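**Q** Have a look at this one.
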Amino acid sequence: MTIRLNKVTRDLNVGIATVVEFLQKKGYTVEANPNTKISEEQYAVLVKEFSTDKNLRLESERFIQERQNKERNKASVSIEGFEKQQEKPKSEDVIKTVVPEDARPKFKPVGKIDLDKFSGRRTDKVEKAPEKKVEPVVEQPVVEQPVAEKTVVEKPVVESEVKKEEPKVEKVEVIAPKPAPVEQPVVAPKPAVETKPVEVEKVVVEEVKKEEPKVVETAPVKAEERKVERTAEVTATVTTPTEENASKENEVFKIRQPELGAKINVIGQIDLAALNQSTRPKKKSKEEKRREREEKEKVRQDQKKLMKEAIIKEIRKEDSKQAKPGVKDNNADAARKKRNRINKEKVDVNNVATSNFAAPRPNTQTGKGGGNHPRPQGQGQGQGNNNNNNKKNNNKDRFKKPVIKQEVSEEDVAKQVKETLARLTTKGKNKTSKYRKEKREMASNRMQELEDQEMAESKVLKLTEFVTANELATMMDVSVNQVIATCMSIGMMVSINQRLDAETINLVAEEFGFKTEYVSAEVAQAIVEEEDAPEDLQPRAPIVTVMGHVDHGKTSLLDYIRKANVIAGEAGGITQHIGAYNVQLEDGRRITFLDTPGHEAFTAMRARGAKVTDIAIIIVAADDNVMPQTKEAINHAMAAGVPIVFAINKVDKPTANPDKIKEELAAMNYLVEEWGGKYQSQDISAKKGMGVEDLMEKVLLEAEMLDLKANPNRNATGSIIESSLDKGRGYVATVLVSNGTLKVGDIVLAGTSYGRVKAMFNERNQRVKEAGPAEPALILGLNGAPAAGDTFHVVESDQEAREITNKREQLAREQGLRTQKILTLDELGRRIALGNFQELNIIVKGDVDGSVEALSDSLIKLSTEQIQVNVIHKGVGAISESDVSLAAASDAIIVGFQVRPSGAAAKMAEQEGVDIRKYSVIYDAIEEVKAAMEGMLAPELKEQITATIEIREVFNITKVGLVAGAVVKTGKVKRSDKARLIRDGIVIFTGNINALKRFKDDVKEVGTNFECGISLVNCNDMKVGDMIETFEEIEVKQTL
């Protein structure tokens, strides 16, 4: 039989190195490995050498076990414990160190006990010398009560070790009611124990048996019970070493043998039957102990309460005495008392207010260390005189604390502080000090006013009318989404770059707790609006805006009405510009149509169209549903207070279902006239012209109801529909005249641009001399591209126009500075936390202002938490050299929408490495920028498990390390994979595969159910049964 070295070291309580060294000395070669196996012969040699270490370990374990049992079972021991103590030493293991320690203190004589008290019959035997030896044994437990606990602990231990003793224990427990059986359990162990003291014990117990029947009724004192029990315990513990004399340490125990014998004789002379065990108090349960604790706590609380009431009464008495001073105290004594009282108050206040300062307290001593350290009385340096009062006075001092708390109020503190300050400032009361004080007060007041003013101004927004939603959000330091949500809650659909009017700005700002102040008021007042006399007003043509979802047939309808093909000229077959057309019907009446884009990017254009229009035609395709842009167009029209006419298009298609559209409109609370509502609707086919004339009739009917009038004989005012930069003609603006007549040669002021009208064209590009109310026109001669949606006015002189535009430019610059987003510390922290934060700077150039606005709006919307899109510049016209240099300086890309770079700009871009992207369709521009943003995102690493391998055998190969012989359970393991070692479901190691072999050949991969040899880089902990999981890391492209 072989035994592992690990087990041997545990059994013999020695280290592996010690065992290996010893065996080598004896001529055995053994590896210093815990799993090394040794023969029985080697084991016998080790046992012979290290048996003492083994015994020591067993002893210590036994001692620890006894101590733990002692703590668990704290019960008193009667004779049963005494008997068990005798029998317990049967175990061969001798407690060498512990027994002498227990025995020594127990023989120290402390006092004497008169044993004659127990019974008269035993006096004959007890009168001899043994009495003296009993005294120390009996008295000692009284001093060291834990002895009783020790004996109790040994009771369960003996039960577990010696099974034969269990019946004896049961009989011994019945000692009090039936004492007769006590003799049997004591007699039984006698043959097993050879020592003489045990025989003496037997005699003693026999005597007890004889005496018991006569003295059962007597009830001696409890103290005597305890003494007798404890003597029994002591003798039991002392006899233990006598039974273990077979061990090597006989010498130690021989000295004590005669003493032990004498003590045993003495115990035999005590009448144990006279002790009534039933009088011993029972061990209290946890519940009883808890009740006792609660009762004590209750008593303590009651005492505390009574003490508190007494203190309060005392305080009140003192207060009443102070409040009613005697009549006799009008002399100097009364004054002195009063002064003392005030001083006392001051001291109390200071104690409360400055309790943390270095004022000396009673029983504290200040030293080099600084601070007050409480010291016990009489233990200061030198231990000098203690100037402490007697206990009575100390109690008084202790009771004064609540007095302070009750007397001191905030008013008293304030009064005290005031008096102190007044006392401090009275020094040197001359004119200069008064003057300085007044000056300081004035300065502090001024500072306070400035602070208040700044606080008030921080909540006031200084802005020009028509700031965009994005700029407003920046000024209020809130998210633009919140501003848009607020606008939607009041029934307005706005986009990020849509300019808001004054009324909307006021509402939104008030919602966020800001006040508005329009700094352009003086500029607005510079242009005086003329009131028209009713007799000057003449009927004008209605302005009708066609709105709806993309591809629902808006432009097709206008093409039919105008007998033109606009769609063919639009890139991608979708409208990307707002168009204004004046159409004359067969009966001679005129209608001005505005065609708006349906794509979601053109929200601002639709809003602008709804703002300047009189009537809105909402087109819905009969073979489709009411789409999001349709709903948005309806909301824009409703917000502008414009009458709506629904045109249900494409009714000629086989899949058309006009009733379904009417049902969806009814669900949105727009009930058509056919269904008993107030909104007119017409089924049409824009391609074939079905129902178009009826639609015109209904539109003109709405116009008649509105009674539209204007004064053509005055200076023109109106709106900028679109503006662009034409290569041959310069800046061109499409305008819609709302009042007056615009003529060639008029000085037009629009936003920050102005100029003399050099030429005018209608929508068919035919030159015209003038444009009346509700007529669109294309004007040339402006010095810049005005923003779409701006109003234009005709002014008298060029100088007036220049002054107003200069002021507006200044305001625009100020507004730009105010709305410029500064990188805050919070934003910087957010970017650092993200780790891979990116910024994409874009310069947008387009052919018309509306398209530039729509495109930049859509690009800003693409911003995410990880990538922020910044449109650092946007403008109308071709891509110039200045755009390229700006892009090179700010690492931006240039997006051109239906514009091309000039030759010089293209060459410069090539040199500087600036990326210029040119688009004709807004969809393409948005999609490509989105793809570029996704490319900026760092790819995600994902793990894909390729195989699981089970280790069947582990080989330790020199210079290679551990190699596992394994079987591929699932999948296919590749040489390039990474691997993790798993043991009992826990990952032990993760790393790369060092080698993958099959029959001594290196292989690239091993399939399922094939065996292979595998080793991992720097892995030296493999065991049979471990699992190896192989995986590969795949880069996954992130999406927005």
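Just so you know, glycine gets a Cβ as well, placed from its N, Cα and C.
The region 'Disordered' feature in Swiss-Prot is assigned to 67-92, 214-251, 272-402, 427-451. Feature annotation from Swiss-Prot assigns compositional bias 'Basic and acidic residues' to 81-92, 222-232, 285-335. Among the features that Swiss-Prot reports, compositional bias 'Low complexity' is placed at 233-244. If you look up Swiss-Prot, you'll see 427-437 marked as compositional bias 'Basic residues'. Per Swiss-Prot, domain 'tr-type G' is recorded for 539-709. Taken from Swiss-Prot, the feature region 'G1' applies to 548-555. The annotation GTP binding site is assigned in Swiss-Prot to 548-555, 595-599, 649-652. According to Swiss-Prot, the region 'G2' annotation covers 573-577, on the basis of similarity to another entry. Look at Swiss-Prot and you will find 595-598 tagged as region 'G3'. The feature region 'G4' is assigned by Swiss-Prot to 649-652, with similarity to another entry given as support.
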**Q** Is it possible to list how many residues within the region 'G1' (548-555) are helical, extended or coil according to DSSP?
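**A** For that range the per-state counts are 2 helix, 1 strand, 5 coil.
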**Q** Around the C-beta of D551 (GTP binding site), how many further C-beta atoms are within 10 angstroms, looking at every protein chain?
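**A** Other Cβ atoms within 10 Å of D551 (GTP binding site): 16.
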**Q** Across the region 'G2' (573-577), what does the mean pLDDT come to, as a whole number?
**A** 52
**Q** What does DSSP say about T596 (GTP binding site): helix, strand or coil?
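**A** T596 (GTP binding site) sits in coil per DSSP, no helix or strand.
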**Q** Within 10 Å of the Cβ of V651 (GTP binding site), how many other Cβ atoms can be counted across all chains shown?
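**A** 19, counting other Cβ atoms within 10 Å of V651 (GTP binding site).
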**Q** I'd like the Cβ neighbour count for K554 (GTP binding site), meaning other Cβ atoms within 10 Å of its Cβ, all protein chains included.
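**A** Around K554 (GTP binding site), other Cβ atoms within 10 Å: 27.
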